[in-house]
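Can you read through this structure? Questions will come right after.
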Amino acid sequence: MSADEAHAGDELGRDHIGDWTIRNIVTTLVPLLAVLSVLQMVSGTVLETFEEALLTNPALLVLVPVMIGTAGNLGSIMCARLSTQLHLGTFEFSPTNPDLRATVGAIVGLAGTVFVLLGIASWAIGHLLGGELGLAPLLVITVTSGMLLAVWVIIVSTTAVYASYRLGYDPDDTTIPVVTNVCDITGVLILFAVVSVVL
Amino acid sequence: MTGHDSAVDIYRQALPVILVSLVAGLFAGTLLGSETMREGISRVPGLLLLLPAFLATRGGVYGSLGARLSSGLHQGLLDPHFEWSGRLRNAIIASFLNGMIVSLFIAVLTWAVMLALGREAALLELVIILFVAALLSAVAMLGVLLPVIFKGYRRGLDPDNVIGPVVTTVGDVFGVFFLLVGIAVTEALL
């Protein structure tokens with residue numbers, strides 16, 4: 001028993017030292033980041049396709065980093081909350097679950113706040129940078145894409161946490177990086193789908 | 001603690017971080033929409049294509065360095081005083097290498113995707129821009145992240161709660177700015 005424990009301790013110790021070698025860190029992270037970069041080329045291609053519209057309307061360029069960041073942020077809040085509830089054993093995948101309802105309500109509220117502010121700010125900054133896009137179309141663009149994004153984030157996060165729970169993975173390790181990246185990419189896709197309808 | 005957070009509680013807790021990231025995003029967006037950057041975008045084919053991947057890499061490399069250092073401090077594997085040796089040195093060198101390798105990979109990838117899209121792109125130009133931007137980003141990110149983590153930890157701040165906002169804010173603003181510097185360097189060199 002104690003020999004087993006000592007052995008386990010040994011393994012753990014060796015693991016920790018191995019974990020902190022340069023080679024180990026680089027060979028773990030580089031492939032992962034390379035794959036994510038390939039995925040990010042999807043949103044890059046969308047930006048590249050809309051180059052003309054982006055260059056004539058600087059307000060749209062102002063939107064891009066916020067859209068990318070907020071999508072991932074909302075996704076990580078949703079996932080972190082769901083996976084903590086899962087770990088605490090208080091989670092139930094049901095529309096009547098008060099925790100789930102509260103999280104969904106908060107995500108929608110946060111998205112509403114951010115995207116109204118974003119519409120106003122991008123209009124003001126766009127004007128300072130010499131753009132001519134009006135406040136009304138910008139608000140329509142940011143609020144519509146923001147609300148679509150919130151719904152999408154809720155669906156993706158819930159599905160991802162549920163799937164990783166069913167497959168036996170700890171959602172903390174797997175879900176958040178995946179969902180954050182997926183939300184970043186789809187955030188850009190949603191934004192430009194709305195832009196092409198409005199403009 | 002069996003109390004349930006209401007939607008309003010969660011909203012209140014998350015709002016500051018979301019607003020900080022909004023302001024940082026607007027700064028990055030303003031740089032991106034500036035006349036100099038727009039000139040750069042129309043002059044360097046592929047710049048918009050690489051933008052999301054470049055910004056995401058900053059988050060990936062330095063977010064994971066921050067998470068690693070924070071776990072190391074919590075586990076007692078790292079001394080709470082900055083010292084250039086052992087595990088800490090390995091983690092820092094590794095994150096630097098990660099940032100450089102992945103950024104150069106993005107340069108080549110961007111060039112390949114541009115060709116696949118039937119557009120023109122200059123590989124050397126993209127490599128130089130990303131090399132310069134990744135190098136300067138590493139200096140800026142390490143310069144901000146390390147003091148925040150070590151000083152914060154000694155003052156009782158849990159690094160887990162600060163790394164996210166710090167990496168997003170510093171990463172986005174400096175990321176776009178250093179791409180601009182990279183473009184200026186290629187103009188001077190090529």
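The backbone N, Cα and C atoms fix where each Cβ goes, glycine too.
Unlike curated records, TrEMBL annotations are generated automatically.
Model, not experiment: these values are computed from the prediction.
Pasting the relevant annotations from TrEMBL:
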{"type": "TRANSMEM", "residues": "B:14-34", "note": "transmembrane segment"}
{"type": "TRANSMEM", "residues": "B:46-71", "note": "transmembrane segment"}
{"type": "DOMAIN", "residues": "B:52-181", "note": "domain 'SLC41A/MgtE integral membrane'"}
{"type": "TRANSMEM", "residues": "B:91-114", "note": "transmembrane segment"}
{"type": "TRANSMEM", "residues": "B:126-150", "note": "transmembrane segment"}
{"type": "TRANSMEM", "residues": "B:162-185", "note": "transmembrane segment"}
For the domain 'SLC41A/MgtE integral membrane' (B:52-181), how many residues does DSSP put in helix, in strand and in coil?
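Helix (H, G, I), strand (E, B), coil: 110 helix, 0 strand, 20 coil.
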Same chain only, please: residues at least 6 beyond the ends of the transmembrane segment (B:46-71) with a C-beta under 8 Å from a C-beta of the stretch. Say none if there are none.
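Residues 28, 32, 40, 77-78, 88, 91-92, 95, 98-99, 102-103, 106-107, 109-111, 113-114, 119, 121, 126, 129-130, 133, 137, 141-142, 145-146, 149, 153, 158-160, 163-164, 166-168, 171-172, 175-176, 179, 183.
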Please give the sequence-distant neighbours of the transmembrane segment (B:126-150): residues at least 6 beyond its ends with Cβ less than 8 Å from one of its Cβ atoms.
44, 46-47, 50, 54, 58, 61-62, 65-66, 69-70, 73, 80-82, 92, 95-96, 99-100, 103-104, 106-108, 110-111, 159, 162-163, 166-167, 170-171, 174-175, 178-179, 181-183, 185-186, 189-190
